[in-house]
Amino acid sequence: MTGSGGYGAGAVPAPHLPVLLAEVLEALEPARGKLILDGTFGAGGYTRALLEAGADVIAIDQDPDAIAGGKPLAQEFAPRLRLERGRFSEMEEIAGEMLDGIVLDVGVSSMQLDQAERGFSFRREGPLDMRMGQEGTSAADVVNKFKAGDLARIFGLLGEERHAGRIARAIEKGRAEKPFRTTGDLAELVERVIGHRPTDKIHPATRVFQGLRIFVNDELGELARALFAAERLLKPGGILAVVTFHSLEDRIVKRFLQARSGPQAQSRHLPEKAAAQPVFEKPMKPVSPGEAETAENPRARSAHLRAARRTAHPAGVQDFKLFGVPALFVTEQLGEKAR
């Protein structure tokens with residue numbers, strides 16, 4: 001089925017191109033004798049480039065399809081590539097040793113977007129799923145069971161959708177007649193509620209799908225936990241490089257690196273000399289794709305790369321308040337309802 005928004009099974013899959021590859025390699029400085037962790041293996045673009053540059057790699061992905069697809073690469077570069085299934089927030093347990101570099105490409109992969117049966121994209125008719133790890137609560141569970149007020153928080157805070165309340169109320173009314181089963185079911189309702197003009201730059205369902213996906217996979221919480229884990233794993237001089245695709249992710253990374261690259265705030269009850277020293281050097285200038293890359297890979301247009309070098313000072317305290325992002329706590333607060 002093809003809806004008026006352009007989603008449908010006949011859409012042509014986009015090529016799986018690693019975003020900002022040259023810039024990521026320049027930041028990470030891969031070389032023989034270095035051990036780098038790729039926290040989001042996906043189709044293996046970063047991992048292959050790191051291996052070809054001489055580095056050894058530990059690659060992680062929570063998607064079993066990505067792990068299965070990476071086995072030929074692991075065989076090609078054995079024993080220099082270790083491929084493990086898991087969340088990137090679990091990198092400490094998986095790596096088990098200190099690292100020279102860490103790269104994270106945050107969010108859903110092109111591979112997942114292009115598989116209709118995974119239910120990530122309103123452009124491809126499929127089950128309303130969105131689970132990166134293919135287990136746990138699905139997007140359909142959330143849409144069909146959560147109260148309108150909770151759905152509005154998900155769409156508004158995580159999707160940054162200004163019509164969140166109207167959409168949530170329409171969902172609550174619509175599911176009383178027929179449950180939402182497919183990506184098309186939801187995308188068509190959103191389009192009916194808020195409309196779609198030819199001049200709109202994005203499909204009206206874009207932000208609703210973003211909010212649902214982030215909630216189902218606890219993407220912001222995963223990112224925050226991964227940043228804390230990364231500073232504990234990196235050797236002095238090691239590089240953290242993070243590619244983000246929307247403002248919430250980028251804000252979390254930006255605030256983390258800002259907080260960790262200056263004298264860290266301590267309790268007012270402690271003496272001034274007890275203030276912790278910077279965990280990272282001043283972050284490198286953020287990078288976005290150029291016109292040539294976005295022309296070849298339109299999905300790269302919203303990408304941002306932020307990177308910083310680890311100092312020799314001890315890792316800081318794991319305090320989620322330093323991010324100052326209310327959306328970070330939505331999944332934690334509503335998560336019990338999804339179980």
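Glycine too: its Cβ is placed from the backbone N, Cα and C atoms.
As given in Swiss-Prot:
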| type | residues | note |
| --- | --- | --- |
| BINDING | G44, G45, Y46, D61, F88, D105, Q112 | S-adenosyl-L-methionine binding site |
| REGION | 263-312 | region 'Disordered' |
| COMPBIAS | 301-312 | compositional bias 'Basic residues' |
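Overlay of Swiss-Prot annotations on the structure.
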residue	record	Cβ contacts under 8 Å, 6 or more apart
G44	S-adenosyl-L-methionine binding site	A59, G69, G70, L73
Y46	S-adenosyl-L-methionine binding site	P18, L21, V24, D38, T40, V103, D105
D61	S-adenosyl-L-methionine binding site	T40, F41, G42, I67, G70, R85, G86
F88	S-adenosyl-L-methionine binding site	G39, T40, I60, Q62, L104, E222, A226
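Packing around D105 (S-adenosyl-L-methionine binding site) is summarised by its Cβ count: 24 other Cβ atoms lie within 10 angstroms of its Cβ, all protein chains included. Of all Cβ atoms in the shown protein chains, 19 besides its own fall within 10 Å of the Cβ of G45 (S-adenosyl-L-methionine binding site). Secondary structure by DSSP for the compositional bias 'Basic residues' (301-312): 2 helix, 7 strand, 3 coil.
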